[in-house]
Ligand SMILES: NC(=O)c1ccc[n+]([C@@H]2O[C@H](COP(=O)([O-])OP(=O)(O)OC[C@H]3O[C@@H](n4cnc5c(N)ncnc54)[C@H](O)[C@@H]3O)[C@@H](O)[C@H]2O)c1
Ligand SMILES: O=C(O)C1=N[C@H](C(=O)O)CCC1
């Protein structure tokens, strides 16, 4: 039985995970942490994580970037692994996470779905083949109107995965209105759309002379992120210090 502490338990994803875990005989949420405690949950909720008085095996985090440093401090003090799903972390916050992975197990993933994690590999092959034929790369992501960060963590993960396969020679362009010039061949354009209840859509567009290749992922429900996060928590609760990602969970290593 994996005992989960849910950070951000009263948010949209925290509530998705609460529902998924209720039907999972191998996992239980033993405590929730949230600054907002106006939702009834079948587990105790703490507004101050230092008041938690129950034992857990792993923390799942879906909160906000500025909450991450104090969560990491807490996890280090309790030697607890963290499945870190919050996006929009700045360089300083990412550095805190990377340093902490020398002491505890951390799984950092901007997208917990199986489909996106498969596509993160497929875009590498497409990028190598198509940029050799001078195709341009643009990424469009669409999310709901409550999302705080832009571009999405997933769009950045696609760009990073592509760039890694191209010897990190590409730069990222987020706003064409400030550059009055033709696009550079070695750039990846990244564009954000926000509206309504769109769960999450990503298009990776390879545009060449007279042909366009487009790879798409559409999330039809937030459950795909919740299922991935619970699987990751079960996996990470058995691991020692280090940085992990969803490829480790999918490959079981
Ligand atoms: N990795 C993924 O697959 C994935 C999927 C969905 C969302 N996300 C990311 O997860 C994060 C949360 O998404 P959401 O849609 O659930 O957001 P949300 O705003 O609905 O929920 C966030 C929750 O965190 C709580 N919170 C804020 N500050 C806190 C603090 N200091 N301590 C404790 N709790 C705090 C809020 O009160 C809220 O209940 C976002 O960064 C989002 O981009 C990642
Ligand atoms: O709803 C969100 O917010 C999501 N955020 C992640 C991102 O920024 O990539 C993953 C998809 C949903």
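Keep in mind that glycine also has a Cβ here, set from the backbone N, Cα and C atoms.
Secondary structure at residue 143 (active site, proton donor/acceptor), taken from DSSP and collapsed to helix, strand or coil, is strand. Cβ neighbours of residue 143 (active site, proton donor/acceptor) (same chain, under 8 Å, six or more residues apart in sequence): 152, 192, 193, 194, 198, 199, 200, 201. As annotated by TrEMBL, active site, proton donor/acceptor applies to 143.
According to TrEMBL, the active site, proton donor annotation covers 147. In the shown protein chains, 17 other C-beta atoms lie within 10 A of the C-beta of residue 147 (active site, proton donor).
The annotation NAD(+) binding site is assigned in TrEMBL to 8, 9, 10, 11, 12, 13, 34, 85, 86, 87, 109, 110, 111, 112. DSSP gives residue 86 (NAD(+) binding site) a coil state; it is part of no helix or strand.
Summarising the environment of residue 154 ((S)-2,3,4,5-tetrahydrodipicolinate binding site), the number of other Cβ atoms within 10 Å of its Cβ, over all protein chains shown, is 25. In this structure, residue 154 ((S)-2,3,4,5-tetrahydrodipicolinate binding site) is part of a helix by DSSP. Annotation source TrEMBL lists (S)-2,3,4,5-tetrahydrodipicolinate binding site at 144, 153, 154.
Summarising the annotation, TrEMBL assigns domain 'Dihydrodipicolinate reductase N-terminal' to 3-112.
Among the features that TrEMBL reports, domain 'Dihydrodipicolinate reductase C-terminal' is placed at 115-250.
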Checklist entry - Cα of residue 111 (NAD(+) binding site) to Cα of residue 154 ((S)-2,3,4,5-tetrahydrodipicolinate binding site): how many Å, rounded? => result 6
Item to check | Cβ atoms near residue 10 (NAD(+) binding site) (within 10 Å, other residues, all chains) | outcome: 20
Checklist entry - What is the number of other Cβ atoms found within 10 Å of the Cβ of residue 8 (NAD(+) binding site)? => result 24
Next on the checklist: Please list, in sequence order, every residue of the chain apart from 144, 153, 154 whose Cβ lies within 8 Å of the Cβ centroid of the (S)-2,3,4,5-tetrahydrodipicolinate site.
Outcome noted: 87, 110, 111, 141, 143, 147, 149, 152, 155, 200
Checklist entry - Given the binding-site residues 144, 153, 154, which lie within 10 A of residue 86 (NAD(+) binding site) by CA-CA distance? => result 153
